[in-house]
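Engineer: Dropping a structure here in structure tokens format, bear with me for questions.
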Amino acid sequence: MLFVLVQSGGPDYDVPLGRKDGLNFATQNATLANLPPPTSNTSKLLTDLAKKNLDATDVVALSGGHTIGLSHCSSFDERLYPTQDPTMDKTFANDLKQICPTNTTNATTVLDIRSPDTFDNKYYVNLMNRQGLFTSDQDLYTDERTKDIVKSFAVDQTLFFEEFVKSMIKMGQLSVLTGSKGEIRADCSVRNSDNKSYLASVVEEDEESLSEF
């Protein structure tokens, strides 16, 4: 994540060390339960993330991650069909309908129409122009609790970067595993118990240690 962030023009920062990996991978249900869907309004975002000690500034800053990436039509087509969401710019909506001509289209489009491959503050400029892709995006500018934060990030990229880093570090401190509840994986994508090369190296180290006695 940090590599992609920096390579696309985003802020570089020191990630706190010491966090262990889980002993098991999260199930799909557990993952979805912790990620508010793109159809969420601001009230749901604030309520759900407040449970994780994240405030309105965190919500708006982390949403700025949508300045890069792609989305399938299914994540926003309810804003186009059967009727257009009145908070969406008409020209923007018509352009999206060219990409997603029906509510069953399985196409993709960029999250940020101004600078899709650059991590910057244009996402917030999109919101101020009613060109946010998801309901969860555009409602940040509609809701009075978050509107001024959107404005502040739209006019000050440095401020956005600063708050984004703070929120990322804050989020990285959630549900930290300690002791035997976690592990330091030899390969981040494979549990140590499933990593044959890692287990073999452990056995070799143990044999070498025994031979010293």
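Every residue gets a Cβ built from N, Cα and C, even glycine.
What TrEMBL records for this protein is below:
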BINDING   P36  substrate binding site
BINDING   H66  heme b binding site
BINDING   T67, D112, D120  Ca(2+) binding site
DISULFID  C73-C100  disulfide bond
DOMAIN    1-192  domain 'Plant heme peroxidase family profile'
Engineer: So of all those recorded positions, P36, H66, C73, C100, which one's Cα sits nearest to D120 (Ca(2+) binding site)?
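Structural biologist: Out of the listed candidates, the nearest Cα belongs to H66.
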Engineer: So which recorded positions are near D112 (Ca(2+) binding site), with CA atoms within 10 Å, out of P36, H66, C73, C100?
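Structural biologist: Of P36, H66, C73, C100, within range: H66.
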Engineer: Neighbourhood of the Ca(2+) site (T67, D112, D120): other residues with Cβ within 8 Å of the Cβ centroid, in order?
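Structural biologist: Leaving out the recorded residues gives G64, H66, I68, L111, R114, S115, P116, T118, F119, N121, K122, Y123.
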Engineer: For the C-alpha pair, I'd like the distance in angstrom between T67 (Ca(2+) binding site) and C73 (disulfide bond), rounded off.
Structural biologist: 17
Engineer: How does the model score the domain 'Plant heme peroxidase family profile' (1-192) in terms of mean pLDDT?
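Structural biologist: Mean model confidence (pLDDT) across the domain 'Plant heme peroxidase family profile' (1-192) is 92.
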Engineer: Rounded to an integer, what is the Cα-Cα distance in Å between H66 (heme b binding site) and C73 (disulfide bond)?
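Structural biologist: Cα-Cα, rounded: 15 Å.
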